[in-house]
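Notes to accompany the following structure.
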Ligand code: WT7
């Protein structure tokens with residue numbers, strides 16, 4: 001890695017930034033020396049409370065119980081903070097700009113308009129029996145109504161569970177059942193890159209096995225034909241036409257749940273990550289303002305989908321809490337052509353642009369012409385998230401997209417963390433391409449030597465842990481607190497374990513190396529190897545499967561599956577295709593297996609544990625460095641896999 005290269009903070013950025021270099025140093029120090037004083041000030045500054053808290057922070061990171069509480073006793077409402085409190089000062093200012101999949105289609109909502117929609121939907125939900133604490137599932141295209149739905153839940157105290165519109169009916173069903181949602185909000189179809197996705201049809205399939213869902217509210221997006229269940233289904237536009245615009249925001253306790261969002265782990269089914277109200281909102285608003293150096297009136301665009309945490313925190317809650325203009329994009333980077341992102345930047349005069357390394361790498365492939373055909377002169381700050389960014393892609397983003405003018409903030413965080421934990425601040429942090437740089441205020445990361453279990457001082461590499469809570473931290477796994485403890489607090493007692501590895505250089509900069517558990521990151525989407533393996537073994541021809549990631553030029557990681565067929569089954573290309581299709585139907589198109597290698601046997605220890613380390617090496621074509629193989633039950637298995645490896 002080109003570690004020597006440093007991009008200093010541009011002086012024009014530093015001059016007007018919220019936080020400059022010295023302010024970062026002193027405020028960071030204050031945030032760790034006096035966390036209660038520091039966070040009380042931030043909570044006061046970023047959030048309007050109906051009632052102040054009794055205690056800023058209380059927590060235990062184990063070993064027995066784990067609990068995390070922020071601003072306990074405080075009362076607030078997230079929708080009130082994102083809407084009502086802005087009405088006097090910026091009611092007629094744009095809140096959401098929506099750019100459709102078709103470049104000729106766009107729309108915007110002012111804060112006043114958004115407020116009215118949210119109130120109406122709040123009343124519709126109430127009229128269908130939704131009460132404070134009830135769960136509502138949202139399975140939607142990227143349209144403003146997705147944000148309206150989230151905010152309407154927040155307004156009446158319901159807990160939303162957004163399921164990414166690319167997930168399969170089975171994945172949707174599992175998530176609805178796990179969190180016991182009684183209402184589903186969806187659309188007839190979504191539209192991406194000119195193609196329709198049949199959301200209502202998928203929903204019908206899922207709901208066939210969810211008898212407790214009594215209402216399915218359907219937004220008309222494309223006008224495509226849908227099946228209808230008169231007792232359960234309700235058109236959004238019809239229900240909204242009759243709804244009142246008066247809907248009082250429900251006063252919520254700071255620690256009342258705000259949302260559940262499912263994410264993949266190393267084992268088992270995806271877990272429902274639970275975030276609460278007060279701490280999450282403080283952290284979302286504060287990180288949005290400082291990480292992007294958001295200045296009043298600027299146009300801000302995060303290209304994520306609301307189905308991921310990035311969409312929750314950095315399309316909806318953070319920006320709207322700050323009274324920002326947030327752009328929501330329905331389409332994809334290469335439709336109608338590879339200039340689309342930059343055309344949208346010019347069209348809406350975007351100042352801050354936040355996307356994923358996988359999109360940058362894909363566009364980099366298409367060359368500089370599609371970028372240079374546009375002006376992009378409005379851009380001031382660029383951001384990336386989702387996976388490690390290679391220095392080459394970083395430099396391309398910086399030089400070609402940003403014309404070497406715009407700082408790139410490489411933001412490291414997770415669904416579990418609610419918001420940015422390690423990130424540069426544009427006016428404060430000299431940048432090193434490929435490094436997420438330094439911790440955000442109040443965040444104390446550390447590296448643990450994985451074999452010794454001891455903390456690493458100074459420069460080094462190890463497992464990335466966080467040593468104390470921050471307000472945006474997840475509070476539990478919905479319905480399974482023990483799983484929360486086991487997943488994040490068992491491996492390195494006393495710390496939150498992120499699942500990532502990282503290096504720290506002599507300047508204290510963090511270089512995230514990627515997951516060190518059995519989680520894959522494919523195009524910035526998180527997938528558990530266990531989930532994919534469970535899907536593969538559903539096939540009657542499959543006896544056993546082991547899945548690992550391997551380096552992929554564009555996706556970051558590709559999915560490599562070793563499959564052992566049942567005795568007597570002929571392993572054919574047709575079977576490979578069936579298996580790829582099976583995984584896509586079970587999980588969704590984001591889980592597309594790239595490579596299947598037939599494995600007569602899998603490398604196991606004498607106690608029967610699959611040695612994934614070896615499988616990863618073979619998949620990466622690094623067969624000369626397999627490491628210690630002395631614990632293998634049958635070494636010939638490995639020789640066979642090497643001889644027939646599929647990625648040479
Ligand atoms: C995992 C979390 C939170 C936003 C979207 C992904 C990886 C995320 C970075 C980054 C290196 C990153 C990590 C992390 N990751 N951002 N800037 N540099 N790696 O959320 O689905 O919860 O995935 O994404 O491996 O653990 P997520």
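Quick reminder: no glycine exception, Cβ is built from N, Cα and C everywhere.
Database features (TrEMBL):
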{"type": "BINDING", "residues": "192, 193, 194, 195, 310, 334, 523, 584", "note": "CoA binding site"}
{"type": "BINDING", "residues": "386, 387, 388, 410, 411, 412, 413, 414, 415, 500, 515, 526", "note": "ATP binding site"}
{"type": "BINDING", "residues": "537, 539, 542", "note": "Mg(2+) binding site"}
{"type": "DOMAIN", "residues": "24-82", "note": "domain 'Acetyl-coenzyme A synthetase N-terminal'"}
{"type": "DOMAIN", "residues": "84-470", "note": "domain 'AMP-dependent synthetase/ligase'"}
{"type": "DOMAIN", "residues": "531-609", "note": "domain 'AMP-binding enzyme C-terminal'"}
{"type": "MOD_RES", "residues": "609", "note": "N6-acetyllysine"}
For this session: Report, as a single number, how many Cβ atoms besides its own are within 10 Å of the Cβ of residue 542 (Mg(2+) binding site).
Result: 21
Exercise. What is the interatomic distance between the Cα atoms of the residue listed as 'N6-acetyllysine' and residue 193 (CoA binding site), given in whole Å?
Worked result: 43
For this session: For residue 542 (Mg(2+) binding site) and residue 411 (ATP binding site), determine the Cα separation and express it in whole Å.
Result: 40
Problem set entry | DSSP-derived class (H/G/I helix, E/B strand, else coil) of residue 411 (ATP binding site) | coil
Exercise. According to DSSP, which of helix, strand or coil covers residue 609 (N6-acetyllysine)?
Worked result: coil
For this session: Inside 10 Å of the Cβ of residue 537 (Mg(2+) binding site), count up the other Cβ atoms and send me the figure.
Result: 15
Exercise. Which whole number of Å gives the largest C-alpha distance between any two of 192, 193, 194, 195, 310, 334, 523, 584, the residues noted as binding CoA?
Worked result: 24
Exercise. Out of 386, 415, 539, 542, 609, which recorded positions lie by ligand 1, with a C-beta less than 6 Å from some atom of it?
Worked result: 386, 415
Exercise. How big is the Cα-to-Cα gap, in Å, between residue 415 (ATP binding site) and residue 192 (CoA binding site)?
Worked result: 24
Exercise. What other residues of this chain sit with their CB within 8 A of the center of the CB atoms of 537, 539, 542, the recorded Mg(2+) site?
Worked result: 536, 538, 540, 541, 543, 545, 563, 579, 582
Exercise. What is the pLDDT of the domain 'AMP-binding enzyme C-terminal' (531-609) when averaged and given as a whole number?
Worked result: 95
Seminar exercise, completed: What remains of the binding-site residues 386, 413, 515 once a 10 Å Cα-Cα cut-off to residue 523 (CoA binding site) is applied is 386
Exercise. Around residue 310 (CoA binding site), which residues of its chain at least 6 apart sit with Cβ under 8 Å of its Cβ?
Worked result: 302, 304, 354, 385, 386
Seminar exercise, completed: Other C-beta atoms within 10 angstroms of the C-beta of residue 411 (ATP binding site) total 24
Problem set entry | Integer Å distance between the CA atoms belonging to residue 334 (CoA binding site) and residue 411 (ATP binding site) | 24
Seminar exercise, completed: With residue 194 (CoA binding site) as reference and a Cα-Cα limit of 10 Å, the qualifying binding-site residues from 413, 515, 537, 539 are none
For this session: Using a 10 Å cut-off, grab the number of neighbouring Cβ atoms around the Cβ of residue 192 (CoA binding site), all chains included.
Result: 17
